[in-house]
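Notes follow once the structure below has been shown.
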Amino acid sequence: MDELDLDSAMLSRMLTSLTLGFHIIFATLGVGVPLLISLAEFIGIKRNDPYYTLLARRWTRGFVVTVAVGVVTGTAIGLQLSLLWPNFMQLAGQVISLPLFLETFAFFFEAIFLGIYLYTWDRFKKPIYHWIISIPVIIGSTLSAVFISTVNAFMNAPQGFTMVGGVLTDIEPLVAMFNPATPTKVGHVVMSAYLTSAMVLAAITAFSMLKGKRSIYYKKALKLTMTAGFIFAIGTAVIGDFSGKFLAEYQPEKLAAAEWHFETTENADLVVGGFLDRETEEVKYGLVLPNFLSILAHGNPNSEVMGLDQVPEDEIPPLFIHYLFDGMVGIGMFLAALTFFYMIALRLKRFNVENKWLLRLIVLAGPLSVLAIEFGWIFSEVGRQPWILWDILRTGHAATTSDSVGLMFILFLLLYIVLGTLCVTVLRKMFKSNPAENELEEIARTK
Amino acid sequence: MDIQLVGITVLWVFLYGYLITASIDFGAGFFAYYGELTGREHIINKIISRYLSPVWEVTNVFFVFFFVGLVGFFPDTAYYYGTALLVPGSIAIILIAIRGSFYAFGNYGAKKSRVYTFLYGVTGLLIPASLSTALTLSEGGFIEEVNGEVVFLAGELFSSFYSWSVVLLAIVSVLFISAAFLTYYASRANDEPALELLRKYALFWSAPTILSSILVFVALQQHNPTHFERTLDYAWFFIASLLSFLIATYLIFNKKRYGTAFLFVMLQFFFAFFGYGISHLPWILYDYITIYSGYTNETTGVYLVIAFIAGLCLLVPSLILLMRLFLFDAEYVKGNKSQ
């Protein structure tokens, strides 16, 4: 396996994965949490319910800390693109710099209004004016996710240029931006960010409830986050299905590798989990769902699905992505089932939605949803190998030639360990030293 | 005007925006730390934190905007600077990351910590020092392309008189710009003790900015005589800069119109920065990339300019709103309106 060679290209991949893997947690929350804050504030104003307003305020306080880490790690990945992949940026930058540029605008817009939102809670006569400020924050954060996802979509389905002898001509930036991968990529990234944010907030709430905090404040928080989570889970599942069909059409080798589908066949079966015997290309102990791969790929059980037999040996992505794909889909289904069950239970008078086991599952759903985001990104990136720009530029040819990447990897690893640890410590301290109960008492007094 | 010139002007404007806003931020970090060391934190730290809290993220975006735009307009810069700057660039990223997140941990978190303030203060000086070396590199002589491979001559950089003169200028300017702004902010807040202290800082750092500027000129003459000759063609920029400096210092010294004084500080750096930029043209990296050779294709260039104009229409009103709420709202500045 040449992939274990620690040359500068491999080290560049490791450092990029490290930064992205860390950044994506905060970026995901940065896209989704403003929407939930805005929802809570809006409900609070409409129903004149101080509990929801308090919810919005407390979420915001925690959010600022995660945003800060998101901003600085986003700056890091922005610069690392040029530092680690200079050849890629020099080439692809000619075509795809437009959405990268637009992303900074969206981010700029978000940063301005987030600053305003944070410090104007009591500055307007009508609370609804403050709520209005949350709209540009949501637009800015979601749009920056949209723009940056189009860049990643372009890496998977490059178009909008002609390549003649290493030189790009006939460049059309908008065609490049709106490539075939864009709709599913953008939809999936944004929707799963909303879902993950809802689940993380639900998990925090459920955690507090398990610790014996059962006031109405927590019940309302759980209801809001789980209801939102249910809607986003359905959305994520639907878009995820479209993503599968996109792969079948445009990146069939990625789908084939993810599904360990070796021979091109009709009525293709889907294998969940299992172990692969690389010699015989047989899967052991996997759960076989007949015809399901054909349905996933083309929506028709009889359709033909391309197998890895059609792919040149040196263009087959690493096959471990099978587990990442299954992990991501499995967690997605778990989240959909869990939120669905909660919605049903909410309507059943006999069932206690604050059941200990249900709460425990919700606590588990928080970290699992973050894990699904990680699986999804690693699957998407590793599944594109050996290409950095699909079918155009190989990853190994795009990396820096510098000898210092390994040392930088260690430095950044240390940085992220420190930032991650401090972020968690600061958040815990922040909410411990000022528990919701204190502020709830105040609400009760003024009522 | 060529589209290449439009592109570089746009980027230069944003870099100027970063220079001003980041200097205020960096310097404030240092003053906050210095204030704590000398037991005067109660005098100035409130003023500093009231201004910085809502805007630090915006400052950061100016920088991101600049480098994303640079690589967009001039993709060759990614190749040359990207390859050469892996180590110094990574160190700058780490410093920026520490600074930004520790600011948030300290300020929004439960409790202030001495370590946070220390790091916040020290990075405030280290970041401008490390970022300014990118400008030094652009003068040529520190990046070489040998047999198709880009090499960064770190030894040359560290032993260069020019390089150190730029670092000195960067640090001194940060402190002067920041002190001049905070003096104005304190006067808006009617905070007499803070005003008195910050005014002293501003005056203390005023003369060094001019002296270190002269030093940079001297060093440039040795390092890149061609560029130095060209600065003489644009001498009026530098004379205007000097005049602005004199007016600003005069006003601050005589305790008059701190707002106007800060405006002149901004002009001082505007003229110097643009005079430097214009005389540097057409080179982006001396001897390797010009704004014409490194330019992206025409189509992308036009789209980027359109995107820029559209974005500006969105950003300018938003920035004005931000400034009205936190800079020009006397009640907020005085601390009567908080969260």
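Placement of Cβ uses the backbone N, Cα and C atoms for every residue, glycine included.
No curator has checked TrEMBL annotations; they are predicted automatically.
As recorded in TrEMBL:
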{"type": "TRANSMEM", "residues": "B:12-34", "note": "transmembrane segment"}
{"type": "TRANSMEM", "residues": "B:55-74", "note": "transmembrane segment"}
{"type": "TRANSMEM", "residues": "B:80-105", "note": "transmembrane segment"}
{"type": "TRANSMEM", "residues": "B:117-137", "note": "transmembrane segment"}
{"type": "TRANSMEM", "residues": "B:161-182", "note": "transmembrane segment"}
{"type": "TRANSMEM", "residues": "B:202-222", "note": "transmembrane segment"}
{"type": "TRANSMEM", "residues": "B:234-253", "note": "transmembrane segment"}
{"type": "TRANSMEM", "residues": "B:260-281", "note": "transmembrane segment"}
{"type": "TRANSMEM", "residues": "B:301-327", "note": "transmembrane segment"}
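At the 8 Å Cβ cutoff, the transmembrane segment (B:301-327) and the transmembrane segment (B:55-74) share at least 3 close pairs (sequence separation 6 or more) and count as touching. Through the fold, the transmembrane segment (B:117-137) approaches residues 22-23, 25-30, 32-34, 36, 81, 84-85, 88, 91-92, 95-96, 98-99, 102-103, 106, 143, 157, 160, 162-163, 166-167, 169-171, 173-174, 285 of its own chain, all at least 6 residues removed from its boundaries and within a Cβ separation under 8 Å.
Among the recorded stretches B:80-105, B:161-182, B:202-222, the one sharing the largest number of Cβ pairs closer than 8 Å with the transmembrane segment (B:12-34) is B:161-182. Long-range contacts of the transmembrane segment (B:161-182) within the same chain, counting only residues at least 6 positions beyond its ends with a Cβ under 8 Å from a Cβ of the stretch, are 19-20, 22-28, 30-31, 44, 47-48, 51, 124-125, 128-129, 131-133, 135-136, 139, 142, 194, 198-199, 201-202, 204-206, 208-209, 212-213, 215-216, 218-220, 222-224, 248, 252, 261-262, 265, 269.
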